[in-house]
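See structure below.
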Amino acid sequence: MLYHETFDVIVVGGGHAGTEAALASARTGQKTLLLTHNIDTLGQMSCNPAIGGIGKGHLVKEVDAMGGLMAQAIDHAGIQFRTLNASKGPAVRATRAQADRALYKAYVRDFLENAPNLTLFQQAVDDLIVEQDQVRGVITQMGLKFHAKAVVLTVGTFLGGKIHIGLQSSSGGRAGDPPSIALADRLRELPFRVDRLKTGTPPRIDARSVDFSVLEAQHGDNPTPVFSFMGDRTHHPRQIPCFITHTNEQTHEVIRNNLDRSPMYAGIIEGIGPRYCPSIEDKVMRFADKNSHQIFIEPEGLTTHELYPNGISTSLPFDVQVQIVRSMKGFENAHIVRPGYAIEYDFFDPRDLKQTYETKFIQGLFFAGQINGTTGYEEAAAQGLMAGLNASLFSQEKEGWSPRRDQAYMGVLIDDLSTMGTKEPYRMFTSRAEHRLLLREDNADLRLTEKARELGLVDDARWARFNQKIDNMEQERQRLKSTWMNPASTGIEELNQLLKSPMNREASGEDLLRRPEMTYEQLTSLAAFAPALDDLEAAEQVEIQVKYEGYIKRQQDEIEKSLRHEHTKLPADLDYSDVKGLSNEVVLKLNTAKPETLGIASRISGITPAAISILLVHLKKIGMLKVGEENA
């Protein structure tokens, strides 16, 4: 049976990738359908109740700068906000928020239900309609066919999902949800490279059974940070603390004594788990010299008693989970509400993707989220936004777009995935970016909002606020440049008290702000340089741009040099064995990867600068390079 409407873009899956993909496509004016197996789970936080963190918060800010939903949702659902690395430089500062799961999910659903150009439909997808290597639509479990010009798959851990608790296993996409078996089988028929990954979640605890009097409280920041560039502290619900406890030698003894009942150590689980979020049994065995691990006790919301013990993800049997939990301080009488478990699922080698998230083998088919081997809500949201945008552009027969590595962490993400692939769940860190001084949380809008507006992702309200911020910054910098003080000026004594060494020559406000000991707040407290900007975001930008001007200029110069051949196209049908001078190893890697540009080719492991030079000569020879460009 054929559905009575045709769509421009279909998004399959309503998690963090799917919601951003559907909204991005709809925001650009394309008729979009979001298919989910259960509308009640739209925007559900399947694992930890938190958004942000090192590297991850940067992605959330970038998604927000391009009109995405995640930052606004957490601003309305966050019950504790903190700035991580607050004492360090601006490049590595990151925002993190605990979420009320129910508030977060409700905000996402409300936003989706009221989004123009977006239709929701509850049905699991079992098959793709593919004709002559181009996707034409999907077929649902009940046999209903939907046609579209582009399809985005954001299926999370549902493809061939298998849940493990001890030596028992069952099929499932997550606890309480069925897996997607038919679609997994269908995708395995297509020419994609497929493998298995694993992730896990800890048992949930009833807060009424915990003795908080012996636990260390961890409070959020005051004033609370805000995630969205459109956000406000008044959007935040009531703020509450988290708590800290620790495992101990008794905990570790319980784990060691029961490893034979662990599906990981019994060889039942074959998928590789996340390196930076290991299970408690993995931590105990890998770090045998440590007799204690810190566990963060995170409330799941304002209207529930459930607690999320961050740090004891496990797939050990339930009776062992009870022993582990009750061995920890404050948890001696703890009641487990939901058992922890591990889940194995299919993922597809992201080297089979273009930089637009379109698959190389099926035109119009896009992948986003855990299907690409990533882990984390934030990584999923970033991929979803870009895949939804590019599916929209594809449906309009327009050229796709993806940010470069020097423009966004979203660019680092797709570049890493599509050039290097991954053998384990990929997580974003600031250390993955070569130009992280330019890719700060605070300037995500300055980097991306103008381009997002051009692409149709940014509405008038966000655009107006962005332009007001730019105006405020420019006017304030001009004011500080043109305001001077000299050793004879009124107020010099007050100024000198703020300086390490007294001022001995005339200086502008910008000159003084460049001094390491001087802050914008201190400078504008002086009568000569008052008043300070009311726009705190613009004020922060003024201070960072002035203080780090030299370093920023140096990184920009480095980027300019490295971009000479970044976008030089490589023919899709080029047989690299025809290129004289390339080694057999390089030929094999290039023929396998089929990189779209020289820049992408240069980042494939084993591709040397000499090989890139040979490719430049070959491109000139076949007329795809302008004379002199190979020496540019």
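Glycine is treated like the rest: Cβ placed from N, Cα and C.
Predicted, not measured: the structure shown is a model, and the values here were computed from it.
Among the features that Swiss-Prot reports, FAD binding site is placed at Gly13, Gly14, Gly15, His16, Ala17, Gly18, Val125, Ser180, Gln370, with the record citing sequence analysis. Taking the Cβ of Ala17 (FAD binding site) as centre and 10 Å as the limit, one finds 34 other Cβ atoms among all the protein chains shown. In the three-state DSSP classification, Ala17 (FAD binding site) falls within a helix.
The Cβ of Met285 (NAD(+) binding site) lies under 8 Å from the Cβ of Arg256, Leu259, Tyr265, each of these being in the same chain and 6 or more residues away along the sequence. Sequence annotations record features per position, and here Swiss-Prot assigns NAD(+) binding site to 273-287.
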Cα distance (Å, whole number) from Gly15 (FAD binding site) to Lys283 (NAD(+) binding site): 29
Nearest of the binding-site residues (Gly273, Arg275, Ser279) to Gln370 (FAD binding site) - Cα to Cα: Gly273
Other CB atoms, at most 10 A from the CB of Gln370 (FAD binding site): 30
Rounded Cα-Cα span from Ala17 (FAD binding site) to Gly273 (NAD(+) binding site), Å: 20
Residues that sit under 8 angstroms from Val125 (FAD binding site) by C-beta distance, when 6+ apart in the chain: Val12, Leu35, Val138, Ile139, Thr140, Gln141, Ser180, Leu183
Rounded Cα-Cα span from Cys277 (NAD(+) binding site) to Gly13 (FAD binding site), Å: 24
Distance from Cys277 (NAD(+) binding site) back to Gly15 (FAD binding site), taken between C-alpha atoms, in Å: 20
